[in-house]
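Colleague: Handing you this structure, nothing more for now.
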């Protein structure tokens, strides 16, 4: 219980700090320092409801499709057909499974807290849908005679809003594990919450570099800032870290440690069934779409067409509903990555996963953010637009300094890795230590450096030559007691020392005891 209370305090502190940051940034936004690029002035309230309904349907249909897609792709990877019975190509299999879940019996464990047990899946599913509200699916489109962005809402702190909502969604997992009244769901809930909190720190740090490049935390502003170049190119390391953290954030293989069947029999939703389990299942896939949509918005230009296509006919393919097509294609690219990872990689150990997050991802991302901040400061303040003429190419001085620092860091990391690999190889090729008999001289002798004690293969192994048994613990072959016992002669007498293997009789000489 103390562990659960400590975890609850940690989650609460995390959410409170996120909300405090949102309030502080809202104050800056009120002063007009950062305004979203999306214009909702021609969007009546009823049109916002229509867009909310469209986004809800878009996510539901996408979830049905991605479940079918995942089962088909993994089936092909495992050389089997996958679902192919219900509907053309098995497209209706997911719908049939959903209807089956609705008709299943819904049981509640006897020791469960019924209210919290029902509330937990609602929190998880609801928070996943809310996080998609600030994602721009396309630019301005025409709907019912109004020009409106294909986006439900936008704020100057839209990205922090997504992170805060994800922090609140952790409560659903914790409450599900605690309210089940079973040890395995509780352990799964603790694992999952610790995993989400740990990797959300690295995820937030990876997005700081995007804020520095775009000078905004508004999703529409970030998309507009990528018209000339997607941020995945200059911020490749941030993109790499984000992709890793989004897999850990969604509890997907190889990071689905909260649902390890061999360890936790299913994790925090072990006791759930019917529609309540289906809500957790739905929340997992909606969360996959949310983090993939955020990655598309932050690094891949959002709804904008690829650079080559965007230049055709004065940007014709960046207008209207075309943006939804490009956004969906980028989204499904991430879905394939999720499926490919699940079908290819084994599950990691929990200690390895947490060590990787705290000892590599977070420190490396902090160093990367400092490097990006230095580059932006050098570009905007110290050197400005100063550049060197290298032939016919004009290269900014800040870019040269940034490139030099990155090269030095890469070579330094490579040299450290190479040195550790050489040390490991030398340790493996080292000659085995000399085996010694600690009783060879009559007294116990500890091994010196480069030596080790000789180990016997079994209890009945032959005695080492020259080894002396302790006085009074050996019986001679003729039945007389060994050294130190009456009639046994002097202690350590060679005639009383067995020359063959020691024999131990563990049978009960007195017969069964009443």
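We count from 1, first residue shown onward.
Cβ coordinates are placed from backbone N, Cα and C, and glycine is handled just like the others.
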Colleague: Between 88-107, 228-247, 248-267, which stretch does TrEMBL give the note transmembrane segment?
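Modeller: Checked against TrEMBL: transmembrane segment maps to 228-247.
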Colleague: Taking 45-69, 115-137, 157-176, 320-341, 353-375 as candidates, which has the most Cβ pairs under 8 Å with the transmembrane segment (197-216)?
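Modeller: The stretch I would name here is 353-375.
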Colleague: Sequence gap of 6 or more, Cβ distance under 8 Å, 3 or more pairs: do the transmembrane segment (45-69) and the transmembrane segment (320-341) meet that?
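Modeller: Yes, the transmembrane segment (45-69) and the transmembrane segment (320-341) are in contact.
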Colleague: Same chain only, please: residues at least 6 beyond the ends of the transmembrane segment (228-247) with a C-beta under 8 Å from a C-beta of the stretch. Say none if there are none.
Modeller: 199-200, 202-203, 205-207, 209-210, 213-214, 222, 254-255, 291-292, 294-295, 298-301, 307, 337-338, 341, 361, 364-365, 368, 372
Colleague: Can you name the far-off residues of the same chain, 6+ from the ends of the transmembrane segment (320-341), with a Cβ under 8 Å from a Cβ of it?
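Modeller: For the transmembrane segment (320-341), the sequence-distant neighbours (Cβ-Cβ under 8 Å, at least 6 residues beyond its ends) are 62, 66, 69-70, 73-74, 137-142, 150, 243, 247, 250, 252-254, 288-289, 292-293, 295-296, 300, 302-306.
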